[in-house]
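Visitor: One structure is given below, represented as C-alpha cells, and several questions about it will come after.
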Amino acid sequence: MKEIDQFMDGLRKRNPHEVEFHQAVEEVVESVMPWYLDHKEYHREQILERTTEPDRIIIFRVCWETDSGDVRANRAWRVQFNHALGPYKGGLRFHPSVTQSVLKFLGFEQIFKNSLTGLPMGGAKGGSNFNPKGKSSREVMRFCQSMMVELSRHIGEDVDVPAGDIGVGAREISYLFGQYMRLENRWSGVLTGKGQTFGGSAVRTEATGYGCVYFCEHMLNQHGEGIAGKTVAISGSGNVATYAAEKAIEKGAKVLTLSDSDGFIEVKGGLSMEQLQFVKDLKENRRGRISEVADTFAGVTYHADATPWGVACDIAMPCATQNEMDDHDAKTLVNNGVIAVCEGANMPLTNHAAGVLAKNNVLHAPGKASNAGGVAVSGLEQSQNAMRISWDRDEVDTRLQKIMTSIHSRCVEHGEHNGRVNYVTGANIAGFKKVADAMLAYGVV
Ligand SMILES: NC(=O)C1=CN([C@@H]2O[C@H](COP(=O)(O)OP(=O)(O)OC[C@H]3O[C@@H](n4cnc5c(N)ncnc54)[C@H](O)[C@@H]3O)[C@@H](O)[C@H]2O)C=CC1
Ligand SMILES: O=C(O)CCC(=O)C(=O)O
C-alpha cells in the first residue's frame, strides 16, 4: 500500500539505523493504515506521525564500582513515549543488547498495550546496557543505586512509574526503590513489582505468564478449541516463561520445553510442577543455566545452541526476547501442525514469521494483547498504593482475568472477519483508537 510505504520511508529517514523500532512501527502501521485513512479526523491531525515520535528520551551515564574497586560506566535511557492516557508506565531492562532502538520499540508497543488494559497508563520503557549476568548482588545494588540518582529526577507516582523487564526482577526493583526513598525522603508508589511487604501487589510476579495463558484459552475457545490436553512449547525460563508454564500445567496442558540463551530443555512427558519449582529456584535464586535441569532429572533432554521451535506442539509461547522466532521457525511449526502462537515476550516474531502464520491460518496473539497481564497488575498495584490498601490474591487474580477477557473481546471487535479473528489487526486498532481519541481531544499538544 502506497501510504504505508511513504510513511515508513519517512520514519526510517527520521530514525536511521533503529531497525527494531522500524519493525514495531511497521507492524502497527500495516494493521492501522486502512482504518486510519477512512477516519479523516485522525489523519488531518497527524495522529500517526505524533504517536511515532516519543515525547522525550532521557539518556544518561551510570558510573559504579565493581567489588574489586574498578570503575565501570554504562549508558541508561528512559523513553517517555506517550502519556495521553495516564502517567508513563513501562519496565526497565538490563541487558548488553539494550540500545535506544530496542527501548523505542518497547516504549512504542507499551503505549497500545497499556491502552488495551483499559487502565489509565501512558507508554514508556527504559533500561541500560548493563549486564547483570556474573555480577555479585552488591555490584547490582551499586549499579541500581547509581542509576536511580539520575532516574529519580524524571519519575514520580503521577509522572512515570517504571517496573521490571529482562534482567530486572524483585531484587533490582528493591534496590531501585530503596534508593528512591533515600533520595526523596518519602514513600510513594513510584515503582511497581515491589515486594509484597512494602507495597507490592499480590500476583504481580505471576501476572504476565498467567495472563498469557488466560488470553490463549480465550483465543482457543473462540475458535472451538480448548487448552486442556494440548502440548505447549515455551521459550525462556525467566519470569514470564515460568509462570506461563505454571498456569498451562494447572489448566491440564503439557509443557514440552523451556530455554535460555544457551539452549533448551525438552521434556517429552511434560514438565512436572517439581521440575518447574527447580527451574524457578535455579533462575530466581541460584542464577544458573537451564542445562542443569537435564543434569538433575531423568527424562529431560538438553539441546545446546538451539531454540524450541523444532519440537512438534499444538501451541507455541515465545517468552524470552525479541525476534526469537523467524520465518524458518514459523514454517517448521506450521509443518508440525501448530494451531496457535501466543506471545509472552515483546515482539518475539520477525514480521516475516508473523506473515507465515497469517498465511497458514494459525491463531496468533501479539504480545501487546497477550502479555498485557503484567502491566495490568502493575496498574492495579498503583491503584492499591494510591488508596493505601492491599487486595488479596483472589481479588487481584479475578481482576486480572477480567482484564484479559476484556482485551480479548476488544481484539474480536476490531479483528473478526468471517468467524476468524486476526488478533494482530484487532489489538492494533483497538489499542490505537483509544490513544488517538485522547490526542484529538487535547488539540495540538
Ligand atoms: N516481566 C514482565 O512483567 C513482562 C515481560 N515481558 C517480556 O517478556 C520477555 C521476557 O521477560 P522476563 O521473563 O521478564 O525476563 P527475565 O529476565 O525474567 O527472563 C528472560 C528470559 O529470556 C531468556 N533470554 C534472554 N535473551 C535471550 C536470547 N537472546 N535468546 C534466548 N533466550 C534469551 C533468558 O535466558 C531468560 O530465560 C521479554 O520480551 C519482556 O519484554 C512482557 C510483558 C511483561
Ligand atoms: O509492569 C510494568 O509496568 C511494565 C511491564 C512491561 O515492561 C511490559 O509490559 O513489557
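Even glycines carry a Cβ here, placed using N, Cα and C.
According to TrEMBL:
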ACT_SITE  Lys125  active site, proton donor
BINDING   Lys89, Gln110, Lys113, Gly164, Ser378  substrate binding site
BINDING   Thr208, Asn239  NAD(+) binding site
SITE      Asp165  site 'Important for catalysis'
Visitor: What recorded positions in the list Lys89, Gln110, Lys125 lie within 10 angstroms of Asn239 (NAD(+) binding site), counting C-alpha atoms?
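Guide: Of everything listed, nothing lies within 10 Å of Asn239 (NAD(+) binding site) (Cα to Cα).
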Visitor: For the C-alpha pair, I'd like the distance in angstrom between Lys113 (substrate binding site) and Thr208 (NAD(+) binding site), rounded off.
Guide: 12
Visitor: When you put Lys89 (substrate binding site) at the centre and draw a 10 Å sphere around its Cα, which of the recorded positions Lys125, Asp165, Thr208 have their Cα inside it?
Guide: Lys125
Visitor: With the substrate site defined by Lys89, Gln110, Lys113, Gly164, Ser378, which remaining residues of that chain have Cβ atoms positioned within 8 Å of the Cβ centroid?
Guide: Gly90, Gly91, Asn114, Met121, Gly123, Ala124, Lys125, Ala163, Thr192, Gly374, Val375
Visitor: For Thr208 (NAD(+) binding site), what residues in its own chain, 6 or more apart in sequence, show a Cβ-Cβ distance under 8 Å?
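Guide: Correct list: Asn239, Val240, Tyr243, Ala244, Gly344, Asn371, Gly373, Gly374.
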Visitor: Please give the substrate site's span as the largest CA-CA distance among Lys89, Gln110, Lys113, Gly164, Ser378, to the nearest whole angstrom.
Guide: 16
Visitor: Measuring Cα to Cα, how far is the residue listed as 'active site, proton donor' from Ser378 (substrate binding site) in Å?
Guide: 14
Visitor: When you measure from each Cβ to the nearest atom of ligand 1, which of the recorded positions Lys89, Gln110, Lys125, Thr208, Ser378 fall under 6 angstroms?
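Guide: If the test is a Cβ under 6 Å from any atom of ligand 1, the answer is Thr208.
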Visitor: With every protein chain in view, what's the tally of Cβ atoms within 10 Å of the Cβ of Gln110 (substrate binding site), excluding that atom itself?
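Guide: Result for Gln110 (substrate binding site): 26 other Cβ atoms within 10 Å.
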Visitor: Please report the number of other Cβ atoms within 10 Å of the Cβ of Gly164 (substrate binding site).
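Guide: Step by step: centre on the Cβ of Gly164 (substrate binding site), count other Cβ atoms within 10 Å, giving 26.
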